[in-house]
Ligand SMILES: Nc1ncnc2c1ncn2[C@@H]1O[C@H](COP(=O)(O)OP(=O)(O)OP(=O)(O)O)[C@@H](O)[C@H]1O
């Protein structure tokens, strides 16, 4: 509590006391009592955690002509309180004491206990040619404060606490397909909502499936639409290191204050803090404080909260409380879409055969697919050759081998049937129509080329046909390939898709 009496100016600094004919001591206790009541209301209203963060460090400073001045130790707190709680404080206080018509927040130097104006405010006053004003008013007037958000200086906090956002990771650049449509829709909803629709949003899925991309997209959108809001994105690892540094430098109060004051917090790769107890504890409190204040939290991990081992139960239960959305492994169609979108971003036109080939062959994750595309494009630009199936295969030789797997006759039949748009059952049927017979012959040829099965074995897999039928099919396909370039390319594409890398 700091009752700073600055000099013996006759100005009615304690206007209220004189008005009421009270002694300074009794006025102090009246104000203290009223402030305690305001605090008690606010604690009920905003919850223990937020109250501890913001109200505990506050104290009554003075009263000036009906304006109660509350002091806080930092400008940051002043701005936050002014933007978020001042209207409530003012209303509560004047309902307790009609003489209080206004409340202002001032920044004090807590070391000396004297009211010292924040530098910016002091400069402003001097600039107005009024340096002798005893009362230190803040430049933040509650009436002018936006109902949500903060003064222009606040977004810096996002850079201070968080990581840079990748400008490419936007919703526009995110290709939506069956495996990610739920996670995408949930992310969009969070990004576009004014009040958290679910808290937290928890995104999870395997490596390289787009979790980080979606988180950045949410943050980009939020920063664009609400430039005044503090949107902080960082990895759980970074959160931990920041916390450890704060502990080491004895700045945990600042750490808590800062993280608990953001408007949106996005933490990536939460699995990283499994088994890290004190970081989990800190995250837990940060989480509660933000949720209490109605701030959105978005988290991601490689597993669902329940499946992350080494995560405290109470944290798991909080993480499960909002919406948990998973990203599934990509499908061929989604990979095609992503390739087309990435190629467009790179400004290159990919032959459709190359796109189909890559989408089929590189099924592990999107990051690898993107890497493959980048390699092909870089190679083509460096050597000045167009992108073809052959050069792609050459350039990606190692990657393709890593993605290679033993192909079965069933897979060949399925792939060829898909390619020619016929039923897989036609591979076994007796139908002789060319539209069915030719793909069947190609499938037999590829079975001979790509598997170690004998001719009779292959025949049996094609509806119990004789080995001579298979032999005939192989010859026919070779022959046709010699005279029909399109046909040969089709077969070659299928061969490469199915693992014929050599
Ligand atoms: N649906 C998509 N549309 C466009 N690009 C995508 C899509 N999914 C993933 N990507 C791209 O794939 C790359 C890897 O995605 P991202 O880093 O978001 O994966 P992640 O799930 O966070 O992986 P990790 O678990 O390794 O952190 C990024 O370059 C991203 O842009």
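Glycine too: its Cβ is placed from the backbone N, Cα and C atoms.
Listed in TrEMBL for this protein:
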REGION    1-121  region 'Domain I, interacts with DnaA modulators'
REGION    122-149  region 'Disordered'
COMPBIAS  122-141  compositional bias 'Polar residues'
REGION    164-380  region 'Domain III, AAA+ region'
DOMAIN    197-325  domain 'AAA+ ATPase'
BINDING   208, 210, 211, 212  ATP binding site
REGION    381-502  region 'Domain IV, binds dsDNA'
DOMAIN    408-477  domain 'Chromosomal replication initiator DnaA C-terminal'
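When the domain 'AAA+ ATPase' (197-325) is classified with DSSP, helix, strand and coil residues number 66 helix, 24 strand, 39 coil. Note on the region 'Domain I, interacts with DnaA modulators' (1-121): mean pLDDT across this stretch is 65.
Here residue 212 (ATP binding site) comes close to 166, 169, 268, 300: these same-chain residues lie at least six apart in sequence, with C-beta atoms under 8 angstroms from its C-beta. Look at the binding-site residues 208, 210 and count other Cβ atoms within 10 Å of each Cβ; 208 has the fewest. All chains included, 26 other C-beta atoms sit within 10 angstroms of the C-beta of residue 211 (ATP binding site). For the ATP site, the Cβ centre of 208, 210, 211, 212 serves as reference, and the other residues of the chain with Cβ at most 8 Å from it are 205, 207, 209, 213, 214, 300, 327, 366, 367. Within the region 'Domain IV, binds dsDNA' (381-502), the DSSP-based counts of helix, strand and coil residues read 87 helix, 0 strand, 35 coil.
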